[in-house]
Structures are given as C-alpha cells and as structure tokens.
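Heads up: the structure comes next, in structure tokens.
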Amino acid sequence: MDFLDEPFPDVGTYEDFHTIDWLREKSRDTDRHRKITSKSKESIWELIKSLLDAWSGWVVMLLIGLLSGTLAGVIDLAVDWMTDLKEGVCLSAFWYSHEQCCWTSNETTFDDRDKCPQWQKWAELMTGHAEGGGAYVLNYFLYVLWALLFSFLAVSLVRVFAPYACGSGIPEIKTILSGFIIRGYLGKWTLLIKTVTLVLAVSSGLSLGKEGPLVHVACCCGNLFCSLFSKYSKNEGKRREVRSAPDVSPLSLLQVSYYFPLKTLWRSFFAALVAAFTLRSINPFGNSRLVLFYVEYHTPWYMAELVPFILLGVFGGKTTQLGKYPVLEVIAVTGITAVLAYPNPYTRRSTSELISELFNDCGALESSQLCDYINNPNMSRPVDDIPDRPAGPGVYNALWQLALALVFKIVITIFTFGMKIPSGLFIPSMAVGAIAGRIVGIAVEQMAYHHHDWIIFKNWCRPGADCVTPGLYAMVGAAACLGGVTRMTVSLVVIMFELTGGLEYIVPLMAAAVTSKWVADAFGKEGIYESHIQLNGYPYLDVRDEFTHRTLATDVMRPRRNDPTLAVLTQDSTTVEDVETLIKDTDYNGFPVVVSRESERLIGFVQRRDLTLAIKNARQKQDGVVSSSVVYFTEDAPQLPASNPQPLKLRRILNLSPFTVTDHTPMETVVDIFRKLGLRQCLVTRSGRLLGIITKKDVLRHMAQMMNQDPESIMFN
C-alpha cells in the first residue's frame with residue numbers, strides 16, 4: 001500500500017527564503033484542472049463546482065479591484081488631511097483638509113480662495129494672532145512637532161508590528177513574482193501597517209512618495225484573497241498570477257518578469273477597471289478625474305524645443321545615484337527635513353501639490369508666484385491663448401526658491417529613501433525633475449520673448465505669440481528624472497500619460513526618457529530597484545541581463561573537482577535511516593534518485609521538504625516503518641527477505657521528469673532556460689548518466705563571477 005495515495009498537509013510546499021519550481025507548480029495545476037473537468041461530467045453538482053472554479057479568478061480580481069481602489073482613495077484623502085493638519089485645522093469640521101474646508105465656506109472670495117474663516121492656523125487658534133514674528137515661530141515649531149510625531153508613529157509601528165512594511169516594496173515584489181518565497185511579506189499585518197504608516201510617512205513631509213508602496217499594498221490585497229480559494233492558496237505558481245494582476249499599471253508590468261499569461265493580462269485589465277471605478281467614486285483628487293496631475297496645455301510643442309527636452313533627459317540620467325547611500329535615523333531626517341522645508345513655500349507643501357503647481361500652465365486666473373508675469377494692459381485675447389510675457393518679480397523670486405528646493409530635494413531624498421518606513425521614489429524623483437524642468441522652461445520662455453529674432457526662435461516664435469509652455473518642461477523633466485532612476489522607457493511614457501492625461505506630448509516625453517536611460521546606463525546598467533535586489537542578495541535573474549560568455553554546464557555544475565561526491569538516493573536500496581542521516585548531514589533542497597550508485601542512471605528528483613514530511617507521516621500512520629525499512633521509488637516493491645521490516649514506498653513524491661541538460665550545454669542556453677522556465681535546479685547528464693546539478697544560486701554566482709563581482713553576494717537559496 002502507498003500511504004501517499006491520500007494527500008497530507010504541506011507536501012509540495014516550500015520553506016521560507018526558497019525558490020519555487022515553476023514547472024512542478026504548472027504540472028500540479030494541470031492535473032487539478034484535468035480532474036475537475038473529468039468530474040464535471042459525473043453530476044450537476046460537480047459541473048457547478050467546475051464553473052465556480054473557472055470563475056474564481058474573476059471573483060478574486062473583482063475583490064482586489066474593490067479593496068485596492070478603496071485603500072488608494074482613503075490613503076489619498078488621509079494624506080491630504082494630515083499634511084494640512086501640520087499647519088492648521090478646520091473649525092467647522094476637523095476632518096476636512098484646507099481645500100475641503102474652504103470649498104464649503106460661503107465667505108471665500110476668488111482672490112483669497114486659500115483663506116476662509118473656517119480654516120485657522122495653529123498660532124491664530126492658540127493666540128488669536130495670525131500675523132507677526134511670534135505667530136510664525138509658533139507655526140514653525142508646531143509644523144516640526146507634527147512631522148516628528150507622524151514619523152515616530154510610522155517607524156514605531158513598522159518596527160513593532162510589521163518590519164516588512166518598510167521601503168517601497170517593489171524590489172521584493174519583483175523577486176517574489178520571479179518565484180522566491182518571503183513569508184509574511186504580503187501578509188495581513190503587513191497590509192494593515194503599510195496602509196497606516198504610508199499615510200503617516202507621507203504626511204510627515206519626508207521626501208518620499210506613495211505610488212511604489214501602493215503597488216505593495218495592492219499585492220497584499222491579492223495575496224489576502226488568494227487564501228479564500230484553494231485553487232490559488234495551494235499552488236504558488238497560480239498565487240503569483242493573482243499577485244501580479246494587482247500591478248495593473250505599466251509601473252507594475254515592469255515587475256512581472258517571469259510568468260504573465262494572457263488570461264492574467266485580461267484579469268488585470270478587469271481589476272484595473274474595478275479599481276478605477278472605485279477610485280472615481282471616492283474622487284480623492286477633487287477634480288472628478290482619475291489622474292493625479294491633470295494638465296491641459298493650449299500650445300503645441302515645436303521641434304526646436306527637443307533640444308532642451310533632451311538636455312533634461314541628460315539631467316535625469318545623472319540622478320541615478322538616488323537612494324544608494326546609507327540612511328540616517330528616521331527622526332533625525334524628519335527633523336532636518338521639517339526645519340529646512342518650512343521657510344521655503346515650495347518645500348513646505350506636499351510633494352504632490354508641488355508637482356501639480358509646476359506642471360500647471362499659467363492661465364489668466366492663476367495666482368501662483370510662478371505666474372507673476374507683467375501683463376500688457378492693451379491685451380485682448382482669449383483667456384486660453386495668453387502670449388509670452390516678461391517675467392515679474394514673483395517669477396524671479398520663485399526661481400530662487402525653486403533652485404534652493406532642487407538642491408534640498410536631491411540631497412534629502414538620498415537620505416530618505418531606504419529608511420525603515422514606507423517610502424516610494426516615484427514622486428520625489430518626479431519632483432526633482434519637475435523643478436529642474438520648470439526652471440529650464442522659464443529660461444527658454446524668457447529667451448524666446450526677449451530674443452525672438454534669434455535663429456533658434458525666428459521660424460516658430462513670433463512676437464506676441466504663446467510659444468513656450470514652462471509646465472511642459474516640468475513634465476518632461478519629471479519623466480527624465482524618473483527614467484534615470486528606474487531605467488524605464490516605454491512604461492514610463494505611459495505612466496506620465498496616466499498621471500497627467502497629456503497624450504499630445506508623448507514625443508517630448510519619449511525623447512527625454514530615452515536620453516535619460518542612455519545617460520544613466522553610462523553610469524551603470526541597473527536601475528534603483530535592481531540595485532536594491534542585489535544589495536539584499538535576492539536570487540533574481542533579470543531578463544534584461546545578457547550572458548555572452550563561452551562557458552559550459554560542466555564548468556558550473558556541482559560537484560566540482562576536489563568536492564565531495566554528489567548526494568543521491570537509490571531507487572530501491574536506501575533505508576529510512578540512510579535518508580534521515582543524509583537530510584541531517586546536508587542542507588541541500590533536494591536529491592537526485594538513481595538506479596544504483598554504480599550505474600548513476602537518473603530516475604528522478606525528490607525535494608528535501610517532501611522527503612522529510614513523507615517519512616515523518618509514515619512513521620506516525622503506517623505500521624512497521626522503522627529505521628531499517630527500505631525506501632523505494634519504483635512502482636513495485638523490491639524483493640526483500642521475509643525477515644526485513646515493511647518497506648516504504650515514496651514514488652508519489654518523486655518528480656519523474658526533472659529538467660536535464662548535457663554537460664556540454666552552453667551556459668548561455670542554461671541561463672536562458674532558467675530565466676524563461678523559472679527553474680529551481682536542473683540536472684547535468686551524459687548519455688543518461690548523472691554527472692551533477694546546477695541550481696539557480698549556482699547560475700547567479702557564475703554570472704557574478706563572469707562580471708568580476710563577488711559570487712558570494714547571493715545570500716539566499
């Protein structure tokens with residue numbers, strides 16, 4: 001009798017910090033689907049069960065879309081409120097942000113639309129004085145105090161309840177989707193703490209964003225709903241289909257590096273539809289639109305402007321070193337950030353508000369300093385077609401403040417990204433690029449106004465025309481800087497279109513994105529997330545890395561010369577005690593099974609975890625199994641003397657079709673196989689005889705060695 005005919009818990013599962021076997025998971029799902037299909041013909045109930053199984057994927061996507069869309073909307077609203085809470089409070093309803101408070105006021109005028117009696121700054125509320133040195137100092141002090149409180153709560157919650165909630169999460173998600181196991185990284189506690197601390201961290205005013213961590217939150221939602229359906233909870237490969245689906249923007253298509261079938265793409269589209277509908281219902285941006293920075297420019301771009309656009313791409317590429325340095329303590333960085341940020345209005349406000357203002361075109365109704373131009377009193381043009389004008393004192397003042405903000409943002413982001421709180425790099429990178437872009441845009445605009453007879457302006461910029469849009473330069477600069485940090489190109493352009501709705505300006509964005517990537521690649525081929533993966537030593541094979549060395553499988557396989565012989569099991573002559581000793585004395589994740597030690601003919605491969613669980617369960621449930629019992633992997637039991645104890649059949653856990661290559665297979669092919677099939681290991685043979693084994697870790701070590709890097713930097717299995 002084969003006791004394994006009845007399945008028992010944990011067989012086929014993986015330990016923490018191990019890589020899954022994609023081929024095995026795919027095979028198990030195919031077997032499961034085949035059984036369900038055959039049973040569906042037996043009765044109506046089985047047919048209903050098969051239909052429920054088929055639709056379970058769409059149900060999961062619906063739930064993910066609803067929850068992730070709701071969380072995104074709630075996070076946005078909470079961040080707006082808590083960011084404004086550092087400066088004041090709404091007396092009519094304390095849960096209103098500054099903007100919402102003044103929306104509801106009947107006493108707000110257009111000229112003073114940011115001021116209303118219902119909204120009071122802390123100094124005015126406490127002392128009754130809104131102006132003066134004392135009020136400024138008190139507001140300054142409370143601004144810093146609130147920032148320190150928010151960051152302290154964020155870092156404390158992360159450290160105590162969910163250490164995995166820190167950072168952006170994108171490097172780890174890329175690694176998990178490639179098949180690596182990190183238990184708890186997408187768990188319920190991580191979801192809860194990441195959501196709460198993300199609001200606290202962004203509200204504290206630190207130079208970080210929420211877009212990257214929101215990808216982590218969405219994946220946690222996917223993992224949460226996976227546990228409701230055995231189809232996904234018992235299969236790590238299927239679970240990764242669901243985990244990749246919440247990453248429904250081009251940002252996340254970057255993450256999905258290994259396994260992304262077409263049906264998952266359609267389900268991702270459905271999840272995005274549901275999330276967008278939910279977000280639209282909540283309307284967190286207050287503009288009845290789904291984009292964070294909606295722009296509407298009334299002037300087309302001109303070919304001559306591609307030169308400054310490309311120069312912005314060069315600037316963006318040079319900022320690739322963001323986030324590679326050690327970080328200071330959270331509280332210290334928050335204190336420094338708050339103290340330095342408050343005096344400058346462009347660093348005091350939230351980064352999203354700053355980017356939104358930098359992207360905006362200067363219409364007739366704008367009251368920003370950036371729109372303080374000297375108007376011609378005789379001008380009688382439509383509101384949307386304002387000609388280029390000379391800059392006023394407000395613009396020049398804003399330029400100095402933006403220049404200081406640029407230096408501040410670059411330096412403080414280096415120390416902020418990587419701290420033990422939820423922190424994204426998208427928004428800070430965009431802010432750096434947008435500031436630089438707006439400065440360049442204003443400079444080009446003023447050059448075109450004062451020197452319209454120059455050859456570079458003569459053909460396309462007539463006097464009195466609206467030639468240059470500084471907000472467009474800010475958008476291009478933001479894309480360039482983000483591209484330099486992340487090395488995205490195609491997906492980056494689509495992301496910028498997602499965030500701004502500016503479809504007409506795809507060509508300038510493409511020019512800047514490609515240039516920034518070329519310049520950044522000159523400093524190093526890896527983006528910030530790939531560098532983070534390497535820093536943590538995750539076993540991640542990047543599909544974009546090329547392997548062109550002329551080595552063979554025999555050069556990489558183990559055992560090598562002077563190494564101990566390969567640890568193997570025989571098909572019908574190994575005892576339970578021998579197996580337990582082998583498991584105890586080695587730390588290998590699995591063992592090849594051969595006909596005999598003399599012939600070394602390969603039969604299959606058995607996982608260490610399955611072997612341990614099978615023997616443990618056999619000792620508990622099957623009578624007669626002792627240490628001297630023979631373990632056999634064949635269909636029929638071996639011929640044994642009658643005095644021998646009962647043998648143990650373990651054929652059920654044997655993989656009869658392990659992936660094999662010959663010893664003369666080029667490593668270029670082996671690397672490609674590991675990438676595209678997501679292999680955990682492959683066996684090396686010659687004429688059917690087992691020679692050695694190559695694991696994913698061996699491949700990564702060999703690639704590091706070929707690139708003159710430390711091969712021992714790959715820490716995990």
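Cβ atoms here come from the backbone N, Cα and C positions, even for glycine.
Not measured: the values here are computed from a predicted model.
Looking at the stretches 181-198, 325-342, the one that TrEMBL records under the feature transmembrane segment is 325-342.
Touching of the transmembrane segment (214-233) and the transmembrane segment (425-444) is ruled out by the presence of fewer than three CB pairs under 8 A, sequence neighbours closer than 6 excluded. Same-chain residues lying 6+ beyond the ends of the transmembrane segment (425-444) with a Cβ under 8 Å from its Cβ atoms: 168, 207-212, 251, 305, 308, 311-312, 315-316, 319, 322-323, 346, 351-352, 354-355, 358-359, 370, 391, 395, 399, 402-403, 405-406, 409-410, 413, 416-417, 468-482, 484-486, 528. Each residue of the domain 'CBS' (654-712) gets a DSSP state, and the totals for helix, strand and coil are 24 helix, 18 strand, 17 coil.
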